[in-house]
Each structure stands twice: as C-alpha cells, then as structure tokens.
Amino acid sequence: MKSVLHQIGKTSLAAALSGAVLLSAQTTHAAALSVSQQPLMLIQGVAPNMLVTLDDSGSMAFAYAPDSISGYGNYTFFASNSFNPMYFDPNTQYKLPKKLTLVNGQVQIQDYPAPNFSSAWRNGFTRSGSINLSNSYKVTIEYGRGYDKESTIKADAAYYYDFTGSSSCNRTNQACYTRRYVSTEQRQNFANWYSFYRTRALATQTAANLAFYSLPENARVSWQLLNDSNCNQMGSGSSSGNCFSNYLRDFTGQHRVNFFNWLEKLSVNGGTPLRQAMTRAGEFLKKTGVNGPYAYRPGTQTAPEYSCRGSYHILMTDGLWNNDSANVGNADSTARNLPDGKSYSSQTPYRDGTFDTLADQAFHYWATDARPDIDDNIKPYIPYPDQANPSAEYWNPRNDPATWQHMVTYTLGLGLTTSLTSPRWEGSTFSGGYNDIVAGNLSWPRASNNDSNNVYDLWHAAVNSRGEFFSADSPDQLVAAFQDILNRISGKDLPASRPAISSSLQEDDTGDKLTRFAYQTSFASDKNWAGDLTRYSLTTQDKATVQTKLWSAQSILDAMPNGGAGRKIMMAGSGTSGLKEFTWGSLSADQQRQLNRDPDRNDVADTKGQDRVAFLRGDRRKENSDNFRTRNSILGDIINSSPATVGKAQYLTYLAQPIEPSGNYSTFAEAQKTRAPRVYVGANDGMLHGFDTDGNETFAFIPSAVFEKLHKLTARGYQGGAHQFYVDGSPVVADAFFGGAWHTVLIGSLRAGGKGLFALDVTDPANIKLLWEIGVDQEPDLGYSFPKPTVARLHNGKWAVVTGNGYSSLNDKAALLIIDLETGAITRKLEVTGRTGVPNGLSSPRLADNNSDGVADYAYAGDLQGNLWRFDLIAGKVNQDDPFSRANDGPAVASSFRVSFGGQPLYSAVDSAGAAQAITAAPSLVRHPTRKGYIVIFGTGKYFENADARADTSRAQTLYGIWDQQTKGEAAGSTPRLTRGNLQQQTLDLQADSTFASTARTIRIASQNPVNWLNNDGSTKQSGWYLDFMVNGTLKGEMLIEDMIAIGQVVLLQTITPNDDPCADGASNWTYGLDPYTGGRTSFTVFDLARQGVVDSKSDYSYNKQNVAVSGTEQKGLGGLTLSTNEQGNPEVCSSGECLTVNPGPNTRGRQNWRPIEGKN
C-alpha cells in the first residue's frame, strides 16, 4: 500500500481541525500554506493545553463490547458486528495508523506497514506474532494481558457473520446469522482491522493516533495512564518504561514523536482508578514554574504566562471507576462563589446526591481558579446565547462563561452505550434523558466504587465541566469520537466573538448632487456569524458626511415568508441560461451525497441532505433541532466581499465606442438607463446575492467550487472554530463586447472560500446567465482565488479576465491567467519562475494602457515570494511601428504574450536583512515625472494564513516605488537587477496625538527626501524609493494588503497592523496620503482632518517649527479604501469607519489607471 509522507507545519488549532484542513493534511507537502477559515482580526494566538488520559485497565484487552456479552465468545454470532460491535464490519474502511519519526529535526509521517493477509500481525504497532488469515483464523476474545484467549471454534479462513434475520429475530439466535468468508477485495481491510482494531486497546491506540497525528505543532500536550506506575503522573516528564517523557510541551519535534511512541507501546493490566487520574490532571493546572501549564515555552521559559490559555482534559475509558478515591465532597450540590463573583446554588443539571464522584471532581476543577495569581482572561464560549435571560445563558452547560483558569473535561466511554438507559442515551450529551435531568424528572444515578451507575458519572462529569461525553461501541465510532473531541476543542479555540464589524463601504450611482447613496457590509461573530448589507443616504451636516440608514438586507430577508420557498437561488445547470434552481430534486446524486453528511460528526453519512437544502434556502424550522445550528439571520457574514452596483452603462460612450467600432455602445448605454439597479455581494453563506434598491433579494448564485462544503453551514459547531469562507471575494462588474453585442458581466471570486472563478451575464437582471465557471479541474494551477480579477480588451481582439492564479495551488506556482471572457477558456497562462520548495502564487494584477486607447498593453503583479512581475500583452514584433495600436492583431497574437524582461522580475522585495517580502495587493501605477515609463508602486505583507493573525515585529514590511523605463513596446529582454541600494529611502519620523478643529486624531509624519532620478549625463541615478512601515525604527507588524488609489499627485493607501497581544483580537488601520513620485511627505495638505468638507491648512501639523502636511492618520474600519466625491464635488476617500475629503494636489493630472474606461465597482 502506498504510504503518505509529509511534514508537520504550524497552524492554529481551530484551522487545523476544521474538516477541510484535516482532510487535506494527508496529502499536503512540507511547505503547504495554512489558509485560515477565520477572520484573522478575530483570532487570538494562544494554543491550548491538552491533557490526555487513556485507560490501560485489563478489560482493554477484550475484543468485544459491551462487557455483558463476555460469555458468548464461542458462539457464531460473536463474530458479527451486529452482536459484537468491536468485530469486523465490512462496511467500514479500517485506515492504517500513522508512524511518526524524527529525521534531521523534521517530523516525518507515513502509514504503518500494511499487514499481509497470509501473515497478519497480532499487534500491528509492535509487529509481534502473526497469523495466516487465509486458513488459521480464530476469533479473538481477549489479547494483550500476557495471554491470548480465542474462540474454540475450529480454525478456518477469516470470516464474519451477517445478521440476516427479521427485526423480531433474537440477537442470540444463531439461526439469524449467515456466515461470510472474507472476499479477495476485503482481505486488506480485514487484515488492517485484525492488526490494528480488533481489541479495545488496539482500537484506542489507532483511534487516538489518527485523531492526533494532524494536531498542529503549537498545541501543548501531556499524557498519562490509569495504572502504569511509570506513566500515571500528568506532566511529570517520566521517561521510565513506556511513558516517553510526558512533560507538557509544544506538540512538535521529539515530543510529538514521543506521544505516538507512547500510544504504540500501550500495555494493559489492572483496575480503573479514574478519579485519581482526574485529580492528577486538575492539580497539574495549579503547577507553576517552567514546567507548568502556563509557562510561555514549557521546559525553557516561564514568562510571560498568558492568561487566556485554555486547558482541556480528554479522559477515555472502557469501564467503571473503582479502587481509588477523591476528596472534593459533593461539589456539584454545594453553594459557592465562583471566581468571577457569580454565586452557585445547587441546581440541575449539575447536582446529585453523592459525594466524591467523577462529576464532583469535574465541577470542582471547572469552578476553581487553578491560578489565582494570573489574570482571568479565558475567552467565554457562548454558542447558545440567551440575551433575554443572562442567568439561563450562564448556567447552560453547553456554554462555558468561565474566564478564570479552569479545566474542561471531555469523557469518552467505550462499550458502555447499552448500559445508559435511565437517563436514556440518544447519541449526544444534551439529548435523550439529559432533558429529563434538566427538568428535574430524573436525577443522576448514585455513583460509587465499582458500581454499574458509574457509566452515568462519565456523562455527568462532562456536563459539570462544560465539556461533552462521547459513547462509542465500535472501532469506527471510537475513531470518530476522538476526532469529534478535537473538533469540539477547536470550536472553543474560536475567533473572538465580536458585535457587528463594518467591513466595506461602496457608493452607488443612483443619487444626485444633493443626495448620495452607499452600501455598507458588516458581520457579527457574536451572532452566529450573521451578516448584513445596509443602504445609506449620504448627506453633509456641519461639514461632515452623515449616513442615514435606509434599509437592512438582513432584516428584509429574515422577514421573508414561507421559509425561503420563493427565493431565486441558482446553481450551475445545463439549460440555456446555464443555471438551475437550487432544490433537492435538481441536485445530482453526487451533490446529494455531499449534502448527506453530518459536519458535527466528521462528515459521517446521514439522510438529512434535503433538510440541509431547506436550511440553506432559509427555512429555519430545523434550527436548534436535528443537530442544525441556530442562526441569528439567514444572510451569512460578509467579511471581505465589497458590494458592486449595476445600473447604468459602465463606461463613457465616447471612450468605449472606438474600442469596438462594430458595436454600438451608445445604443447599449441608452438601453441601460432604464435597467433596474442591482447591488451584488458575496457572503459566507455559500452564495453571491443580488439585491434591488429596496433591499429585496432578487437573485442568489451558489458557485460549484463551494458546494463540497455547503453542509458545514448547518453544523452546531459552526459558531466556533468551524467557520468557513465561501463567496468571500469582491464581485467585479464590467461592460464587454462579445457575440456581436455589448454585455454587462460580473466576475466572481472566492478568496479563502475556494479555488474557483465564475462569470455571470447580468445585462438583464431578470434574466441572468452563467457564462462559465473555472475550478481546479479546468486549471490545476488555480489556487484560492484571493486575487481580484480585471476585465480588459486585449490586442488579440478579445475581451478577457486577467488575474493571478492565487495561493496554495496544486504545484504552488505563480502564474498570470488570461481567460476568454465569453467562453472561460484559458487563452494564456504566463508562469513565472520562483524559488523551489517555497509556496508561491500570483496576486492581483494592475493593467496598463500605455496610449489610453482602452486596450491593455502591460500587466503588473506581485507574488508571495516578493517578486514584482511585468507581463507584456502586446505582439512580439520588435520593430512594430505601433505596438499599442487598438487595431485587432488577431487571435494568434496571444501566443506572443509573455513574462517581461526575459522572465526576470522587475524587482524582488526583501527587507533589510534580505528576507523576502510577500506581495498580495495589486500595484498602482503613475507616469514617471520624466514622462518615460511608470513608477510601479506596491506594498508588502501577507494576511491570510493563521500565523499572520499575530503581528510580526521581527521585520518591516515596505512600500516601494520602482521605475519601469522600458514601456515603449521594445523587446525588453532584461531589466537592471535593482536592490534597496538603488532606491531612495523614506521614513516615518513621527507619530503623535493631535486635535484638528476639535477632532482628535493620531497622525504620522513621513520624511521628504528627494529622489535623484538622473545623473547629469541623463543616465539613471536612482530607480525609485522605499518606505519601511515603522515609526522611528519601532516595528509594529504593519503591512499593506489592500489595493491603493493613485489620484493626481497623491497615492492613497490603507495598512493593517495585527494585534501583537496574543490574548487580544483585532487590528488597527492607517490611511496614508503620500507623494507617489518620492514615497515621502507631500508638499500640500492631503486630508481634511478637521472635517470641514474642504482641505486647507487647518489640517496641517506643526513639526520642526513649520506647518507640514500629515502623511497618515489612524482610522477604524476594514476592507480598504473607496474613492468617492462629497457634496462640494471634492474627492473623498472612505474606509468602513469614516470618509475623509482629500486634496489630489495642485495641477492634478487626474486619476491614473490602466485605462480611461472606469467601472463603478
């Protein structure tokens, strides 16, 4: 069997345990990118403590469950999964566990060797003993306590029994079973089961192995057993016997390998002293010092001890506690004050009538502050909010409001389900008889030493510690249970819950000089990832722009009748429109299979797909039942998608007409004057939405690339670390000519939502058509579609979508994709070179129209390795008289499109230490002051991997301006190898708090060093400039990830600085207005910091005894900048937090862009 080999990388717990990342972990390579499925500004960066307790009692040697069937080992039906759930199930795939080794300091993972059917190991971990399953097989009853016990039935070829009787047939009636010999196709699966799953111990070893092998490196893990004296002390560091140094350490390197070695060598014997194990785990959390659970780097560095670090205990057993003691009294029935000042009085579902139970211990270690000397900053986990009744919310055991250092315990019982009858177990912690406990109709059974009621104590303990209980009876259920526990922990390692965050502001074109309108998107993680699109009117009051709310798409959609039955939700189809309704009956068999998966149970197949379709359409009847989550609104979170408005024609007629002389743009534009306006925006509910100007949803589209994870939106755990991105890209709208007519086309991208692009013809909003979709099946080098596409007319006479290939593609390459707008065919893929073994991908391009005729000539884009590339989109004729001619050069010219400069970058961005600086935002272009070529302005920074959530204060990110002199269509076979030494440095010299006409602001002042472009003889002296994002040499982790705006003699940009406190979420933003020709301070005032509606000296700052222009100001809001015009006709730049009037400078040259045809998006 082919093994899977890869290395482990760092990521966040929540991301690593989300389904998509977990499933892909087996095939990723060493340098794989960890694309976050959480908004990074909400992620807190402290990994949890995970304490693992496994049962090594003698009963773990049993090859059956439950204990009550022990006397049936010599009966035929003992070999039936229907009677003995531990036995081979032909419908289950028994995966090989993973073998971890340390090679040259790197953890390597591969499958354990597959057992041979004719010589299968009795223990696949130790590869000891063997049996020929083709002729010498006997059913195992017990294995692993120094002796083996097998059925007395005669040895034979491996077999199993199917239950073939009627439903009334007694399960101990041998006539109800039919013997099946293992077929040739089943042999490997049976051998895997025999060697790695057939006993409780083997199944536990394998299940834990498969769950933990993909756990991220920054999780901190310790382990213990119940009995083994060498390994029954949590975090002791014991290396005796087979404990392999169980100190609490980061789950990396040798410590990671030690954990799997410990699993491999598990031996069984003795009783079930669970309470002592619980005590050891709880008391360990009180430990101080370098080996304590809150040490910064356990074993190396104690301080700082982060007060937001959660701690989780996983307790697995197959039996009932016995032969031990606890000393906490009747903790769950005794009144007490909690560390946050709340008072507890005996109440359901916590209380019972027994002392010193496992449940008492669990409550004690939840309610006690393990480290009162540390601040209480654990994040509350409230997946079931109840604003109307805060007390009920606090005491709901599904929530964990504790902010103090405490222990949450997850319990896992093996082979115990049939004993859970009163209260009745129905598959999950908070269902079945649990409701009778809450209502007071039942009490928790009294637990005592070796009592059969102790099985309920496992359930009760999970409730008391705000964890969960899992009951498994078969190996496959055990594998799923371990994985579910890690998924639940990842849900508590969730992004911070935040109220509505405004993420984008976009004006529309339906207003006039007196009233303007704008759309604002927002999301609220504290409301189960609710999203909204709000329309505002914009007016000026007291010289400031005032927003007046007109409607909320969220409210209108939630008020929709009939559970979403009337919504027009479309997906790819085969009709003339290329679309079909999203209904259960319209789905293919494979699509129905994808929706028939339970996201809360590791995608186990179920039959709820039709209900999931109804849920996604807006039907709310299944919420908070049937394991479907509760939504605060139907509209999902809108985080990175900026709305695009479509009303009148996109271009000015006199500019558009010459591009396509055969088309009559004026006629098209006249027809669009009466087109019903629409606003389109993507949301993380799986859809692109279209709304009219009254806020009614008129259209929604589900891209094929997100379909495979639509079912996750129904998950109970979605409110935590299970959040996913879907249609998170900003739609791009443009008018284009194809098929003999003008059309209005929308290009959609997904960002972290998936690897896909789509094009819709939205010319007629009542008759939208799907032009095409592109995914990895069509283009393997397509990664997550973070880059923003551009629609352009090219020299081959075709309209095209030009975009970067995105990140985390199959081969981690970077390439410019040129896609035929009409058909979706890849016209050209221009692949660039890069460093091998380092992930790469091309970011958003900026197109240049050198002669302003509306046809793109060049494209500029950066990549993750810090290279700035130029692409020539012109014919390859060196002596062509007019390489930029609008004339159609014919389809063949596309073969001449190429990577400029002989395949070399225009510039490679590195910091002062020589480390590459990733480029993820589109460059901006301005004409060089000499009128020769462009200054290509770009910034560096990356903000989409989990590790990017925390500020990197070890290095600076940078804004560059690089002179590209070879822009006359010449055959540019090479470019000068530029370094920082060829550039003029600018600096941020001052950050200060100041007041401008009663408006308080924090501002920055940049240097104003001139750039000496030319020597006296006309040769090049300096080739550009750079500005490191740091104030007076202080690094804050500031970076540029949003597109810039070049207007007149100023370049406007917004940076982001992640929070450098790992116990805090959020990010800060700075808006800059700089001189694009020098990268420094402008000679004129840029921002209306005094909020007057005009820009004058009242917004200047006194610096070095003179009034100077402010270079940057801190602003609230996310999503980059939008350029608009205020009521006085002056330009203004808007973030999601506020709008600032800007001055583009004296004798402005107007907007610099790739072409004079401007879209409204």
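Here the Cβ of each residue, glycine as well, is placed from N, Cα and C on the backbone.
Per Swiss-Prot, the feature signal peptide maps to 1-30.
For Asp598, Asp600, Asn602, Asp606, the entry in Swiss-Prot reads Ca(2+) 1 binding site. Listed in sequence order, Val604, Ala605, Asp606, Lys608, Asn627, His711 are the same-chain residues at least 6 apart in sequence whose CB falls under 8 Å from the CB of Asp598 (Ca(2+) 1 binding site).
Sequence annotations record features per position, and here Swiss-Prot assigns Ca(2+) 2 binding site to Asp849, Asn851, Asp853, Val855, Asp857. Neighbour density for Asp857 (Ca(2+) 2 binding site): within 10 A of its CB lie 22 other CB atoms from the protein chains shown. In the three-state DSSP scheme, Asp857 (Ca(2+) 2 binding site) is classed as coil.
Look at Swiss-Prot and you will find 1136-1161 tagged as region 'Disordered'.
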**OP:** Mind checking which of Asn602, Asn851 has the fewest other CB atoms within 10 A of its CB? They're the binding-site residues.
**Re:** Asn851
Subject >> Whole-number Å value for how far Asn602 (Ca(2+) 1 binding site) lies from Val855 (Ca(2+) 2 binding site) (Cα to Cα) >> reply: 50
Original post:
Which site among Asp600, Asp853, Val855 has the most other CB atoms no more than 10 Å from its CB, taking these as binding-site residues?
Top reply: Val855
Subject >> Inter-residue C-alpha distance, Asp853 (Ca(2+) 2 binding site) and Asn602 (Ca(2+) 1 binding site) (nearest angstrom) >> reply: 55
Subject >> Which of Asp606, Asp849, the listed binding-site residues, has fewest other Cβ atoms within 10 Å >> reply: Asp606
**OP:** Identify all same-chain residues not among Asp598, Asp600, Asn602, Asp606 whose C-beta atom falls within 8 angstroms of the centroid of the Ca(2+) 1 site's C-beta atoms; report them in sequence order.
**Re:** Arg597, Pro599, Arg601, Asp603, Val604, Asn627
Subject >> Rounded Cα-Cα span from Asp849 (Ca(2+) 2 binding site) to Asp600 (Ca(2+) 1 binding site), Å >> reply: 51
**OP:** Calculate the distance in Å between the alpha carbons (Cα) of Asp849 (Ca(2+) 2 binding site) and Asn602 (Ca(2+) 1 binding site), and round it to a whole number.
**Re:** 51
Original post:
Whole-number Å distance between the CA of Asn602 (Ca(2+) 1 binding site) and the CA of Asp857 (Ca(2+) 2 binding site)?
Top reply: 50
